[in-house]
């Protein structure tokens, strides 16, 4: 948003320089990205009056002009502009003057004729061609009103000004208008803001006699109003208005269109002006477009509409694409006499979808997308009527034709001085706090210690108590908040917390296992929001997402990790091993904050060990991924168990839940072949753990045991079992019959194929025995081994 200092002074008076004002605004939360000085690099630029023009004797395209620049005698200037003529007031750069780009004006001879100065175009004094009126695109600028020769040309053009460029965050849509900015500045300087004139001299003829308004869907169009102005004269707008539009980055067109744009910038309320006689009926019907319906917009482009688009119609034919662009046949032309002014509130989501789909971004659509201040809708239309009466000789009909409800102008929020003081860390009196709210233009009501703040609709960023607290701190001045030393119950300076220490240990374990840490977006598409979720709970969706791919808060880290793996594989990095520790989000009831839970997730695909001279490659499989998870459990001194599970998105026969103290804390498995193929991945294994749950159980140390004094003993066993029997069931049986000498087990081979019956698999398991009190004997181990084998046979296994 470009804010002209000259224009701003119309609403609020301050003594600070523009640079000081810009610094103060930046310190309170709105970043001033640039300060544009239209007088920079310009010297000796005055108004001139062309007294005579004669053809150059030796050049067909040059003219010799005698120009009055307020001195004793006219000066002779040779000019090649096609539109120069006697009787014009023009911009003259005097000898010794300077123009943007380092151009210095000197006396010269052009084809033998003396030239003492330069008659300038707007481009030559630094105005972008994008914003120059079309009538002056290819020639010098000619003043439409009489001027005094010799006066400062920049003053005459209303360009002796400095303009602040705001870099606004989406929540501060109120600063997308001059009045919204004036409220902000008035609050910063504790001064009054003067609003512009909106009252017109109205005819006795009522607009209700000439027009009706109907809204078919008030969910999409809560309010629509129109006023009528007759007998307007289409001509250039005043110089001061053109200058303000140019400084705001808008090209002047004519007085009627310029007034529409001027009020848009002034109030932040988009308006649209129709040629009343071209509408084709006395009714305006606001509805959603019919599927396949077409209309031609002001840019002479035929648009095919969808049912999600909102259109303004004459009862049958669309005459405007609501909130985005008008239609061609109802636009204001030079012959236009009667005007219908539209002021409305449209659904922000619908406007955003339409403008994005059609690639029609405009000053109007950008404001509708962020939400309109209901308090300004009718006032902005009245302001346009006043300006049309003043600068287009219009006759304003009385009454407003409207449909729907404007909605609330204010939002009441209760707060106390104690709440504010506890949050900002120092004491302000209730009176000081109320004064700050009044500076912002917020009315207040006081009931004992409760302050009810009536927040106007223009401040859509203020919805809760904490927003009010921020406003108090901003306007009081962050720089003026007294410095205090923090008070800690327990000082941990230079020391990791227990949580930080454990998290660092886990990261080191995973990095040691060959995984790289990833950090991905918390926002996912609505389709991915519940993918792999361990809790069946409602998602948290954004009201106005920047894109469909980032519309909801995630309930799992895996969707983006899968996307990251696919991205790497597509770029020839086929061996991908990633992990992430991040937050997932689950909605609670209305008005309640969501739950934020920290998860640990990982993804592995390709080769775990690349084929090198040291040894053969090792491809990622289920047991390798499980080994990574087991390393985490060992480091945190936890004992995981595994249970077969069916989880959407994972292979039905290679998936397990991870249990801790008989509670599910995660899962591990192979990505479903279909999902893997959709992402151009080969066999891929993933795991996800509720990291908060692990941290709640984990102790901050590892229980160490002395190195055994007696040797252990290992036995291998090969089992042929039904392919649907999980290895975890077999291991559970083994440990149940292993007594106190079976210390651990390891699945080291799984085979299916030749030499085995269909539907069977072979599993090889290593059993490690140890007695810490005495040396094991073969007889003792064989006895336990026999009991284990008997139990396995009873379970249906065949000992190979």
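Heads up, the Cβ atoms here are built off N, Cα and C, so glycines get one too.
What Swiss-Prot says about this protein:
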BINDING   461, 467, 470, 471  Mg(2+) binding site
DOMAIN    39-154  domain 'tRNA-binding'
DOMAIN    408-483  domain 'B5'
DOMAIN    708-800  domain 'FDX-ACB'
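Feature map: Swiss-Prot annotations on the structure.
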| residue | record | Cβ within 10 Å |
| --- | --- | --- |
| 461 | Mg(2+) binding site | 17 |
| 467 | Mg(2+) binding site | 16 |
| 470 | Mg(2+) binding site | 15 |
| 471 | Mg(2+) binding site | 25 |
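The helix, strand and coil residue counts that DSSP assigns across the domain 'B5' (408-483) are 33 helix, 19 strand, 24 coil. In the predicted model, residues of the domain 'tRNA-binding' (39-154) average a pLDDT of 92.
Other than 461, 467, 470, 471, the residues of this chain whose Cβ falls within 8 Å of the Cβ centroid of the Mg(2+) site are, in sequence order, 459, 462, 466, 468, 469, 474.
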